[in-house]
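Let me begin by presenting the structure, written as structure tokens, before commenting on it.
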Amino acid sequence: MNPNQKIITIGSVSLTIATVCFLMQTAILVTTVTLHFKQYECDSPASNQVMPCEPIIIERNITEIVYLNNTTIEKEICPKVVEYRNWSKPQCQITGFAPFSKDNSIRLSAGGDIWVTREPYVSCDHGKCYQFALGQGTTLDNKHSNDTIHDRIPHRTLLMNELGVPFHLGTRQVCIAWSSSSCHDGKAWLHVCITGDDKNATASFIYDGRLVDSIGSWSQNILRTQESECVCINGTCTVVMTDGSASGRADTRILFIEEGKIVHISPLSGSAQHVEECSCYPRYPGVRCICRDNWKGSNRPVVDINMEDYSIDSSYVCSGLVGDTPRNDDRSSNSNCRNPNNERGNQGVKGWAFDNGDDVWMGRTISKDLRSGYETFKVIGGWSTPNSKSQINRQVIVDSDNRSGYSGIFSVEGKSCINRCFYVELIRGRKQEARVWWTSNSIVVFCGTSGTYGTGSWPDGANINFMPI
């Protein structure tokens with residue numbers, strides 16, 4: 001082989017080796033880039049379902065040292081998994097209740113444009129809590145606020161704000177309603193909104209901002225619902241609705257709703273004689289409600305809802321320290337767990353309680369005759385023992401010299417347990433305060449705590465003489 005051939009051969013071999021090295025480096029670069037972008041890649045949805053967004057773990061015996069100078073690395077943010085709520089965690093063990101929120105709506109109305117409201121309640125989604133109320137279609141310092149003591153007018157709408165934000169002029173009007181309930185199923189809000197003629201009202205079911213279903217009055221006598229949050233478990237929401245006499249036999253039905261569509265209706269069964277304005281809470285796998293008997297009992301009805309087979313049972317809270325107003329004094333009040341006590345049963349007020357093993361936590365007005373003051377306490381054996389009256393852990397929420405009103409429960413899911421909270425409606429204006437022509441409210445909110453707590457009173461606090469007439 002002559003020198004020129006040697007040179008050509010060596011050059012060809014070198015070029016081949018260089019080409020192979022280049023291809024290997026290109027393959028390594030492509031592999032590295034692909035692995036980098038796939039490390040935080042979201043899995044492709046299967047069957048239109050949202051899949052978990054997890055990093056891919058790559059195991060290899062290669063140590064890579066990367067030197068970065070003035071380099072910004074942006075990590076892809078994957079969307080959170082949206083799931084239905086199931087409320088399967090246990091109930092938090094508490095020692096009492098601690099202050100959480102107060103909106104001061106009436107005090108602020110003395111110098112600002114705040115809605116006239118009543119029938120407030122609170123409900124939460126995964127991230128925030130919201131306050132709701134039924135507006136009267138007017139602000140307080142407005143001639144339209146005259147005679148707003150009336151419950152049912154076509155101008156009433158359901159208002160919704162973040163908890164602690166008073167209902168100002170920019171407040172969202174969710175729907176037309178003079179009776180309502182709202183709850184979040186984990187994916188979207190459901191609002192049950194009732195409006196129309198007393199003898200032929202309509203309940204609209206609004207889910208994720210859209211009207212999905214409706215139902216008309218079935219007894220032609222003021223179709224009405226809870227005035228507090230409904231409850232959703234695994235995509236099915238349930239709400240208690242009543243149509244019929246407020247002081248006699250009425251027709252109560254429990255509706256089951258999936259993404260705004262009514263999927264089943266169950267009649268009330270069990271021993272409860274009259275049920276309205278229920279305060280419901282998740283008690284996995286079912287739902288439990290504490291209601292108002294406006295006919296026969298000052299002891300509160302209990303409605304147990306089976307979310308799997310749609311069956312219903314009902315009874316009464318066993319505690320002999322009864323929760324409704326008006327009621328007998330504590331020495332003479334009674335409850336046998338099964339039947340209304342026939343003690344000042346006519347009339348009443350929305351309220352709440354919840355079971356804690358054999359015991360019961362409850363709230364009620366301090367006055368046995370009027371919607372004045374508010375207290376909470378635990379009754380030992382109050383859930384299981386007829387006429388139990390051993391009271392512990394009493395707290396004053398509103399002192400007896402100040403007005404209260406409706407109250408209700410809402411549930412908040414924590415990391416390890418489900419906490420129970422409650423709100424108290426602080427009514428002001430007519431009938432008791434005849435200097436003004438309007439009737440409205442503010443709210444105060446407390447939540448269960450496992451810690452210690454002090455004492456106090458949290459009334460509405462507005463000086464009626466400072467208020468617009």
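Cβ atoms are placed via backbone N, Cα and C, with glycine included.
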For this session: Write down the one residue from ASP313, ASP324, ASP329 that Swiss-Prot lists together with ASP293, GLY297 as binding Ca(2+).
Result: ASP324
Exercise. Given that Swiss-Prot lists ARG118, ARG152, GLU276, GLU277, ARG371 as binding substrate, which residue among ARG172, ARG292, ARG300, ARG394 does it place in the same site?
Worked result: ARG292
Exercise. Among CYS193, CYS237, which cysteine is annotated in Swiss-Prot as forming a disulphide with CYS232?
Worked result: CYS237
For this session: Among CYS175, CYS193, CYS230, find the residue that Swiss-Prot gives as the disulfide bond partner of CYS183.
Result: CYS230
Exercise. Say you check the Cα of ASN402 (N-linked glycosylation site) against those of the glycosylation sites ASN86, ASN146, ASN200, ASN234; which is nearest?
Worked result: ASN146
Seminar exercise, completed: Listed glycosylation sites ASN86, ASN146, ASN200; those within 10 A of ASN234 (N-linked glycosylation site), CA to CA, turn out to be ASN86
Problem set entry | Long-range Cβ environment of ASN200 (N-linked glycosylation site), under 8 Å and at least 6 residues apart | GLY216, SER217, GLN220
Exercise. Does ASN86 (N-linked glycosylation site) have same-chain partners at least 6 apart in sequence with Cβ under 8 Å from its own Cβ, and which are they?
Worked result: ILE233, ASN234, TYR284
